[in-house]
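Taken verbatim from TrEMBL:
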type: TRANSMEM; residues: 70-89; note: transmembrane segment
type: TRANSMEM; residues: 109-131; note: transmembrane segment
type: TRANSMEM; residues: 181-202; note: transmembrane segment
type: TRANSMEM; residues: 214-233; note: transmembrane segment
type: TRANSMEM; residues: 239-271; note: transmembrane segment
């Protein structure tokens, strides 16, 4: 029954216009951010350009790419939630949910909605972010030269006495210095994973918020913004979504546990919803 429902939900997901609009918006954000980053290096000698790892738009703060910063703080989770997080809200309003539940059962219905919501929310961020790293290779060299611009300090890299000391407050300093592309990829996947998880947060909210679709879609962004004010600076999720944060006290343990905790909380809530009798009402 679950796989039958998964096929139905997957067709609903692909047949909606929202996923394609969200993918287009995220791709546009990436392209605008890339162009903005290019403008900062207009007139630079090629030998002075940073590597594609450091010229990636994920280093938006030192590169002063404001559009990508707005995306991380305000748009990422709204975009990921808009893909499919309102699927139950729409199905309930149109009366489809009762027919789907009668056909395959309440548990498979909620599980299939959750899986499609999470995967859709993740992919809509993952694909454009991977594209952004590929775009960086079109402008920046794979490896920077000895006189390349340092993307943290605005000085030639040759003047930095010890790069490891300068990035000591990064989440994983050794990986940042020795394997910069792998470090970027880690953040691309991590930010995309959070996109899927936050879409699940909005999907979970649709079982409580029954009158306002925009409130359902915006719930994850509101949850995210409130957490920025309530949690200590070292536990601010925004500092774990991009690689150029050099804040002392960043925790690898929080980096690993935080998504598991939120995902687990959503799972527990949805399991409880699956046991209720009025989900389709």
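Placed from the backbone N, Cα and C atoms, the Cβ positions cover glycine too.
Predicted, not measured: the structure shown is a model, and the values here were computed from it.
For the transmembrane segment (70-89), same-chain residues at least 6 beyond its ends with a Cβ under 8 Å from one of its own Cβ atoms are 9, 12-13, 16, 18-19, 21-22, 25-26, 29, 33, 60, 97, 110, 113, 116-117, 120-122, 124-125, 191, 194-196, 198-203, 206-207, 209-210, 213, 216-221, 224, 238, 241-242, 279. Remote same-chain partners of the transmembrane segment (214-233), defined as residues 6 or more beyond its termini with a Cβ less than 8 Å from a stretch Cβ, comprise 74, 77-78, 80-82, 85-86, 89, 198-199, 201-202, 205-206, 239, 247, 249.
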